[in-house]
């Protein structure tokens, strides 16, 4: 197979191919790093710290949202501040209600497991988080916010739904929809990029999900291929709402420095107040990656990548349509006030000529056949999950419901920090 690049129009040499592979491997590894770990790493690099943009970023002023920046957390919310969880007579779920079958994902605070409910014989994805790790990084308010956002997702087909949440003395459990078509990141790794019709379909479903969150005054803030799943039919499902910010109305802003390096909008890097349009920048970055194989301003040198995001003009190769080009230019506009979506939010995206072939009513009702079918044979088909996860043994402690727990100061602290976490749906819910 002949591969051509902008720099060399002929067949790639072995040395050039090795260089490309090295770039992609470095890119994948870096993508798996948390933002906090990345900032710590760059802060310890004396050469990187000399770069003016890095110096600017590291001099972060006092954030308005302390839970994401390792400041002292606010006192835990009182029961009256919690979302109404329905009739208190509903029984709480417990770990022993499930058969935990496979590890299918990992994160900063725990694991995601495929589990089958013993009584219902239904498969779920159960996100199990360690309270000790959450409290150590002072992220308890952040976790409660994720749970609150999940409770609002039940009415949209392209957002993962929460069925139960409960806790033991040392762990939190999110019982979620089980989605086994694989991460968009996984499919991009295998295929490198997508044809425009396929990219348009995914972008439309993603935009629909973001528009719904915005209608609830929620900004997603962490759109990236790792957080976009495909269901068994090939429709997208957004997951991981840990960086969502609630109560952001149309003209409201927030200022926390958070997100994933490759997808940070210029206003976030500048430490300026930002609004819902940060999600439309991320949509542009993901669409660009689907069409070209890498994020728009990517560099192995993170300081250089940040400088590209802030200062480098958007460069688009000629192998896309004019409508795709126009959409990318609108979404990846560095001035958020001029960005597509700044005035009428999702309606501007929806009415763009790039999506003129999309029937939005059919889209939301899943009447449009996805351009790619993951071809999973059933819930036990794990072909689209990373073997790094699925080959890992399931920890014995995850499925146990201890009859008694030694009450220590740390256990009491955890109980207070996650007050109101447990959730059982009311009888008229989506279950």
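Yeah, the Cβs are placed from backbone N, Cα and C, and that goes for glycine too.
Note that the structure is a prediction, hence the values are computed from the model and not measured.
The active site, proton acceptor annotation in Swiss-Prot covers 222. Cβ contacts within 10 Å of residue 222 (active site, proton acceptor), excluding its own Cβ and spanning all protein chains shown: 21.
DSSP gives residue 110 (ATP binding site) a strand state. Around residue 110 (ATP binding site), taking its Cβ as the centre, 22 other Cβ atoms fall within 10 Å, counting all chains. Residues or ranges marked as ATP binding site in Swiss-Prot: 104, 105, 106, 107, 108, 109, 110, 111, 112, 127.
What Swiss-Prot records for 81-91 is compositional bias 'Polar residues'.
According to Swiss-Prot, the domain 'Protein kinase' annotation covers 98-355.
Feature annotation from Swiss-Prot assigns domain 'AGC-kinase C-terminal' to 356-431; the stated evidence is sequence analysis.
Per Swiss-Prot, the feature phosphothreonine maps to 256 (among others). Of all Cβ atoms in the shown protein chains, 19 besides its own fall within 10 Å of the Cβ of residue 256 (phosphothreonine).
Per Swiss-Prot, the feature phosphothreonine maps to 369 (among others). Around residue 369 (phosphothreonine), there are no C-beta neighbours below 8 angstroms that are at least 6 residues distant in the chain.
Summarising the annotation, Swiss-Prot assigns region 'Necessary for localization to the mitochondria' to 1-60. Taken together, the residues in the region 'Necessary for localization to the mitochondria' (1-60) have a mean pLDDT of 55 on the 0 to 100 scale.
Under the heading region 'Disordered', Swiss-Prot lists 66-92.
Marked as motif 'Nuclear localization signal' by Swiss-Prot on the basis of experimental evidence: 131-141. DSSP labels the residues of the motif 'Nuclear localization signal' (131-141) in these numbers: 8 helix, 0 strand, 3 coil.
Taking only the Cα positions, the spacing between residue 110 (ATP binding site) and residue 256 (phosphothreonine) is 24 angstrom. Across the residues the record lists as binding ATP (104, 105, 106, 107, 108, 109, 110, 111, 112, 127), the two Cα atoms farthest apart are 15 Å from each other. When the alpha carbons of residue 108 (ATP binding site) and residue 256 (phosphothreonine) are compared, the span between them is 19 angstrom. In the three-state DSSP scheme, residue 104 (ATP binding site) is classed as strand.
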